[in-house]
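Novice: Handing you a structure now.
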Amino acid sequence: MANQETAELFSESYAKSQDEQDPLSSFRSQFIIPTISDLHAKTLQPFSQENSQQCTYLCGNSLGLQPRLTAQYQQNYLQTWATKGVFGHFTEIEDSKLPPWLHVDDDVIGDMCEIVGANKNEVAVMQTLTANLHLAMASFYRPNEQRWKIIIEGKAFPSDHYAVESQLLHHNQDPATSMILLEPEDPQNPILSTQQILNTIDKHADTTALLLLPGIQFYTGQFFDIPTITAHAQKKGIVVGWDLAHAAGNLPLKLHEWNVDFAAWCSYKYLNCGPGSIGGLFVHERHSQVSPSSDSSKPQYLPRLSGWWGSDKSSRFAMENNFTPIAGAGGWQLSNPSVADMTALRASLDVFNKTSLSALRQKSVKLTGYLEELLLATKQEKEFKDTFTIITPSDPEARGAQLSIRLAPGLLDHVMHVLEQKGVVVDERRPDVIRVAPAPLYNSWQDVLRFMVVFKDACKEAANKKDGEAESSVMVEGGKEDKGWSEVK
């Protein structure tokens, strides 16, 4: 890249002009962006209110920012509880945008179906991601003498690994021989090619019962070819499930069209519903039919772990202990959902409803592409040539809103220390990776530019420091040990 072009990309005027041309730029004001003082404060009130600038928050792949609607909707919920008590389950409140609590799950289903590309009867908003994976596997992992293996990534997110391992143990299978782990062919390149996945499916096709993969890999940011992989595995008689934690709200999905058997996701990353917020479950409609029995006994349906909220609404409160599931994914629900969680989700979906996933995706491709351009231009500079490598696929169709950057050994702690002190929030994955995620709803070209300016300075400093001399302080006085953060990370 010519020096003049590089200088233009790194200019504030260029980033500002891109933001001015961005048709989605107004969405930024609908989110609460912490100030640098907010991040440094050990109290809810920052040290100083004087002109503290907003932080540069590029961590929506870990925890999305809070929509301004959230507090308003939560106050409505709390006021309903305070003034209606148990009648909040059934009372229509004229000056609230929230439904009676009895219908909070139904209220969000249609909008959530738009997020994941599903028919209305194929989605339930319920539980948490890992709980939903277990509930799905209780129905879809039915090992027998012919098929008992589960194919999963070798570097799957630990909770997925634990869930699969425990399912195997629950069915008296040995994980050492029954869990087929997909490992990168090149240790220096952690990407799993579609062909490698298909080859592994072919190799174990006759003995595999289930394939479980992520839509987007949490560490590398790779977006898997969901329709191709799903179709190939199903042709071999394998049930296919997807963990969409990093995909839901990140890019358009078409779960029904892609014929996915089941999928689960969380809502605290790109869906911006808050830490530990409620999860989602997709079950393709071909699996969720409830049919009357020919002899008028109990209806016929796919076996599952059941709870009263999954029972037909018309008989839910009859207390007769005759379980007839809701036809559709709703039949996998267990308990009534947290209204506080549903309220946060309603606020988030009302933001998404003001645009479209296709429009967000168009911006995301450009914004992440800008970040990639700046990183590649930086690597052309002699002093940064060996400082870092992008491990996320370069093809925009093979990634979402995240670029994962692998640093040279010994640089991570100091780079994170500088970023955090300068109010730049990204995610680290030890020993040497930082994950940078420009979320199109609230991030800007100027955010990306500010990250790059601070990142370059941090890399320069880190290269001149002894390994381990400075460590990430996680934005609080006393450092990360104050909060036990080193153990978490």
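Glycine too: its Cβ is placed from the backbone N, Cα and C atoms.
Okay, so TrEMBL annotates it like this:
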{"type": "REGION", "residues": "1-22", "note": "region 'Disordered'"}
{"type": "BINDING", "residues": "Leu129, Thr130, Phe157, Pro158, Ser159, Asp160, Asp243, His246, Tyr268, Trp308, Asn336", "note": "pyridoxal 5'-phosphate binding site"}
{"type": "MOD_RES", "residues": "Lys269", "note": "N6-(pyridoxal phosphate)lysine"}
{"type": "REGION", "residues": "463-489", "note": "region 'Disordered'"}
{"type": "COMPBIAS", "residues": "478-489", "note": "compositional bias 'Basic and acidic residues'"}
Novice: Among the binding-site residues listed here, Phe157, Tyr268, whose Cβ has the fewest other Cβ atoms inside 10 Å?
Specialist: Phe157
Novice: By a Cβ-Cβ criterion of under 8 Å, what residues six or more beyond either terminus of the region 'Disordered' (1-22) are in contact with it?
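Specialist: For the region 'Disordered' (1-22), the sequence-distant neighbours (Cβ-Cβ under 8 Å, at least 6 residues beyond its ends) are 363, 366, 370, 373-374, 376-377, 380, 444-446, 448-449, 452-453.
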Novice: With every protein chain in view, how many other Cβ atoms are within 10 Å of the Cβ of the residue listed as 'N6-(pyridoxal phosphate)lysine'?
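Specialist: Cβ-Cβ neighbours of the residue listed as 'N6-(pyridoxal phosphate)lysine' within 10 Å number 26.
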Novice: In the structure shown, with every protein chain counted, which of the binding-site residues Leu129, Asp243 has the densest set of Cβ atoms within 10 angstroms of its Cβ?
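Specialist: Of Leu129, Asp243, the one with the most crowded Cβ is Asp243.
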Novice: Report the member of Ser159, Asn336 (the binding-site residues) whose C-beta atom has the most other C-beta atoms within 10 angstroms.
Specialist: Asn336
Novice: Please report the distance from the Cα of Lys269 (N6-(pyridoxal phosphate)lysine) to the Cα of Leu129 (pyridoxal 5'-phosphate binding site), rounded to the nearest angstrom.
Specialist: 12
Novice: Just how spread out is the pyridoxal 5'-phosphate site if you go by the largest Cα to Cα distance in Å among Leu129, Thr130, Phe157, Pro158, Ser159, Asp160, Asp243, His246, Tyr268, Trp308, Asn336?
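Specialist: Answer in Å: the longest Cα-Cα distance is 31.
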Novice: Using DSSP, how many residues in the region 'Disordered' (1-22) fall into helix, strand and coil?
Specialist: 17 helix, 0 strand, 5 coil
Novice: Which state, by DSSP, holds Phe157 (pyridoxal 5'-phosphate binding site): helix, strand or coil?
Specialist: coil
